[in-house]
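Chemist: Take a look at what Swiss-Prot says about it:
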ACT_SITE  H17  active site, proton donor
SITE      R60  site 'Substrate binding'
SITE      I105  site 'Substrate binding'
ACT_SITE  Y138  active site, shared with catalytic histidine of dimeric partner
ACT_SITE  K142  active site, proton acceptor
SITE      Q169  site 'Substrate binding'
SITE      R182  site 'Substrate binding'
SITE      R184  site 'Substrate binding'
SITE      K186  site 'Substrate binding'
Amino acid sequence: MAMFYAHALGGYDENLHAFPGISSTVANDVRKYSVVSVYNNKYDIVKDKYMWCYSQVNKRYIGALLPMFECNEYLQIGDPIHDQEGNQISIITYRHKNYYALSGIGYESLDLCLEGVGIHHHVLETGNAVYGKVQHDYSTIKEKAKEMSTLSPGPIIDYHVWIGDCICQVTAVDVHGKEIMRMRFKKGAVLPIPNLVKVKLGENDTENLSSTISAAPSR
């Protein structure tokens, strides 16, 4: 029987498969599903739009573009997600408004060691270009790139993930903000917003807690 553990609930296990938001005993390719169900309610996977989801656990960053489905009901972290045959394929992890991610083997992904480096997430505004850690109109960015080209590159200190309606990018910069590396994903996506976790405190008491988008790193 497949088991899934939410990182937001302390379920990270380095001995299991790890995907954004979950550790699991199986590695499900969630790109193949067009319909999923939660508590016997069916939901269609959104076409040509994705959610960039990520966990930060034990100084490890696990990020990926994941499929998502629309649901007007409130679904809680850890709720089981099944395929049309009734097999559990994932659990609820991240959401953006009325959209919920389907975590597992997704599309483009990023797995990093965060020892000595930071990572930052941004919404890429429509019409803007990117250089390193800044976004602006194309002409401004072109001048910025020209200016920074005179500097010698240094070690990477920060990664920046840019999520836009039509394209997503990852850049890496040195201490001066010079761009050292760039990746482009030709897919439009959204960033998740914090979900709510209902935690049982006592025999008859519950409290709603706002979870972080990903599990807090170990200290």
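Placed from the backbone N, Cα and C atoms, the Cβ positions cover glycine too.
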Chemist: Please report the Cα separation of K142 (active site, proton acceptor) and R182 (site 'Substrate binding') in Å, rounded to an integer.
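Modeler: Cα to Cα, K142 (active site, proton acceptor) and R182 (site 'Substrate binding') are separated by 15 Å.
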Chemist: Please name which of the recorded positions listed here, R60, I105, Y138, Q169, is nearest in space to R182 (site 'Substrate binding'), Cα against Cα.
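Modeler: Its closest listed neighbour, by Cα, is Q169.
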Chemist: Return the residues near the residue listed as 'active site, proton donor' by Cβ distance under 8 Å, restricted to its own chain and a separation of at least 6 in sequence.
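Modeler: In sequence order, S23, S24, T25, V26, A27 meet the Cβ cut-off.
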Chemist: What subset of the recorded positions R60, I105, Y138 lies within 10 angstroms of Q169 (site 'Substrate binding'), using C-alpha positions?
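Modeler: Of R60, I105, Y138, within range: none.
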Chemist: Measure from the CA atom of K186 (site 'Substrate binding') to the CA atom of I105 (site 'Substrate binding') and give the result in Å, rounded to a whole number.
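Modeler: Distance between the two Cα atoms comes out at 18 Å.
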Chemist: List the Cα distance (Å, whole number) between R60 (site 'Substrate binding') and R184 (site 'Substrate binding').
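Modeler: Per the Cα atoms, R60 (site 'Substrate binding') and R184 (site 'Substrate binding') stand 21 Å apart.
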Chemist: Quick check on the recorded positions R60, K142, R182, R184, K186: which one has the highest count of other Cβ atoms within 10 Å of its Cβ?
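Modeler: Top count of Cβ atoms within 10 Å goes to R60.
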Chemist: If you draw a 10 Å sphere on the Cβ of Y138 (active site, shared with catalytic histidine of dimeric partner), how many other Cβ atoms land inside?
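Modeler: For Y138 (active site, shared with catalytic histidine of dimeric partner), the count of other Cβ atoms within 10 Å is 10.
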Chemist: How big is the Cα-to-Cα gap, in Å, between Y138 (active site, shared with catalytic histidine of dimeric partner) and K186 (site 'Substrate binding')?
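Modeler: That separation, Cα to Cα, works out to 18 Å.
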Chemist: Which three-state DSSP class does R60 (site 'Substrate binding') fall into?
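Modeler: Where R60 (site 'Substrate binding') sits, the three-state DSSP reduction gives strand.
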Chemist: Tell me whether Q169 (site 'Substrate binding') sits in a helix, a strand or coil according to DSSP.
Modeler: strand
Chemist: Looking only at Cβ atoms, how many others are within 10 Å of the one on Q169 (site 'Substrate binding')?
Modeler: 18
